[in-house]
Amino acid sequence: MAVITKDQVKHVANLARLAITEEEAEHYTEKLASIIEFAEQLNEVDTSGVEPTTHPVPLVNVLREDKPSKGLDRDLMLKNVPEHEDGMVKVPSILG
Amino acid sequence: MTLFNHSAKELQQLLHSKEVSAVELTDEAFRRIGKVDGDVKAFLALNEEQAKARAAELDNTPADQRGPLHGLPVGVKDNIVTEGLETTCASRMLGGFDPIYHATAAKKLDDAGLITVGKVNMDEFAMGGSTETSYYKKTANPWNLDYVPGGSSGGSAAAVAAGEVPFTLGTDTGGSIRQPAAYCGVVGMKPTYGRVSRYGLVAFASSLDQIGPITRTVEDNAFLLSAISGHDPFDSTSFDIDVPDFASALTGDIKGLKIGIASEYLGEGVGEASRNAVKDAIKVLESLGAEVEEVSLPHTKYALPAYYLLSSSEASSNLARFDGIRYGYRAEGIENLEDLYKQTRSEGFGDEVKTRIMLGTFALSSGFYDAYYKKAQKVRTLVRDDFTNAFEKYDVVIGPTSPTPAFKLGEQIDDPLTMYANDILTIPVNLAGVPAISVPCGFDNGLPLGLQIIGRHFDESTVYRVAHAFEQSTDFHKRMPEIREGLEQ
């Protein structure tokens with residue numbers, strides 16, 4: 001069985017909010033399949049009883065004093081916003 | 001000829017004796033960039049006006065208030081945000097992005113009196129091993145312009161090798177500082193995870209990314225790492241521990257030090273030139289009184305597949321922020337929000353970035369999470385344990401930085417697995433979070449090779465000590481590529 005099908009690639013592209021053409025779907029199916037097949041060799045490793053590592057150097061509960069501080073200036077934050085109006089970020093209509 | 005074949009210490013002496021000023025050094029950087037960057041193509045954006053003004057200010061600083069890097073020019077990888085200086089991650093997605101604050105590392109460069117002359121090229125969002133996935137340009141290896149500089153910090157390594165600037169910052173997620181440093185014959189350090197703040201580093205894989213210095217010499221590297229290290233309240237994964245003066249560790253004495261040579265790093269998939277260069281390096285280290293023995297890191301082979309699943313999974317989440325709404329590229333003429341996201345991301349990201357986002361989304365998706373993501377996390381534990389076990393007996397572990405010297409531009413870009421395999425010897429280090437350096441250790445057909453020295457968590461000092469002792473007993477770091485200074489571009 002193929003490790004990843006073209007339909008799965010289309011599904012994943014949609015989850016990742018990427019628009020891909022039929023031709024691209026074929027390209028990525030091939031490319032992703034070769035990488036996933038390569039990754040399958042992890043199944044050779046016995047990991048029973050092994051804890052997963054989420055973080056290379058363990059850290060627990062990094063706390064700071066609960067003191068408010070000033071955030072960034074609004075005008076400054078809008079500097080890189082492609083479209084804005086009256087100090088607000090503008091997006092296309094959400095409800096069709 | 002360039003002034004930047006001098007060490008930081010030598011340049012500092014020239015500044016101190018007023019033989020040269022910071023303004024002149026900055027001018028020299030821009031002159032050299034103007035002459036050679038048309039061929040090397042390391043820089044994406046130049047900061048000429050601000051850099052010159054800053055140099056003039058720094059020339060007025062009293063001598064007793066100057067640190068070891070005062071008044072010297074530096075280049076910064078383009079995924080580290082710099083206030084008022086375009087930061088693109090070499091992606092169309094961030095074309096024209098004008099950061100409103102400095103990354104902590106960039107701020108620390110300023111605090112140390114360094115002068116940021118520009119931003120250097122990289123693989124798009126640091127995903128790649130040759131700098132060829134950059135949307136803007138393909139950087140060349142200064143030793144042979146037909147070859148890649150490595151990646152993803154290819155611009156950082158090439159700019160130093162070409163004598164455009166004496167130092168740069170790079171970032172390393174799976175080898176992206178050490179591999180290009182090896183390919184370009186310079187010194188590159190990936191510090192311990194948590195040593196340098198990641199605040200303002202555009203995230204690729206947050207549990208692996210670290211910022212680190214690329215320089216001509218080990219001593220310069222130690223100076224620069226001391227300057228950028230330290231706890232930062234804006235990055236809760238940065239460790240709250242003292243930052244040593246790393247340069248003080250460079251005693252030249254490695255007598256009695258226990259060095260493990262990783263047998264897997266001389267095994268399958270590693271070329272003869274890299275193996276032989278490291279075998280020669282072992283003789284040098286032994287002649288200095290170190291005890292070198294073979295040590296096994298049995299899970300080395302599995303680090304690469306585990307890394308691609310984990311780093312891509314983290315990337316798929318981190319890069320979700322690029323949606324065309326708050327910053328960066330935005331697709332035109334789209335009426336509906338969902339289509340705006342999709343069109344923006346499809347037009348803004350390149351092929352390799354899309355590949356990794358989809359791979360990560362797949363590995364995290366319902367039904368595949370346990371088989372891929374979680375399995376890779378467990379293998380990560382085993383890779384980390386390999387190092388923990390080795391460091392019970394050895395002070396450092398060594399091996400080649402990469403299996404081969406640099407390859408030709410265009411040669412591997414269509415073959416992802418071959419490209420990924422260049423990082424088999426650097427990736428385990430990121431998974432374990434330990435520090436490692438690459439220092440020049442030989443040449444093969446005129447292309448440099450690197451020796452990798454890996455240390456315990458937060459023991460960069462010992463890594464630097466070994467690297468420095470080796471460097472001072474060899475002359476590889478004194479060689480510079482011959483680049484003709486062309487006409488002003």
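Using N, Cα and C of the backbone, Cβ positions are placed for all residues, glycine too.
Per TrEMBL, the features are as follows:
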ACT_SITE  B:K77  active site, charge relay system
ACT_SITE  B:S152  active site, charge relay system
ACT_SITE  B:S176  active site, acyl-ester intermediate
DOMAIN    B:24-463  domain 'Amidase'
Distance from B:S176 (active site, acyl-ester intermediate) back to B:S152 (active site, charge relay system), taken between C-alpha atoms, in Å: 5
Alpha-carbon spacing, B:K77 (active site, charge relay system) to B:S176 (active site, acyl-ester intermediate), which is rounded to whole Å: 11
CB within-chain contacts under 8 A for B:S176 (active site, acyl-ester intermediate), separation at least 6: B:M122, B:D123, B:A126, B:G129, B:G151, B:S152, B:S153, B:G170
Neighbouring C-beta atoms (10 Å sphere around the C-beta of B:S152 (active site, charge relay system)): 34
Local confidence of the prediction over the domain 'Amidase' (B:24-463), expressed as mean pLDDT: 97
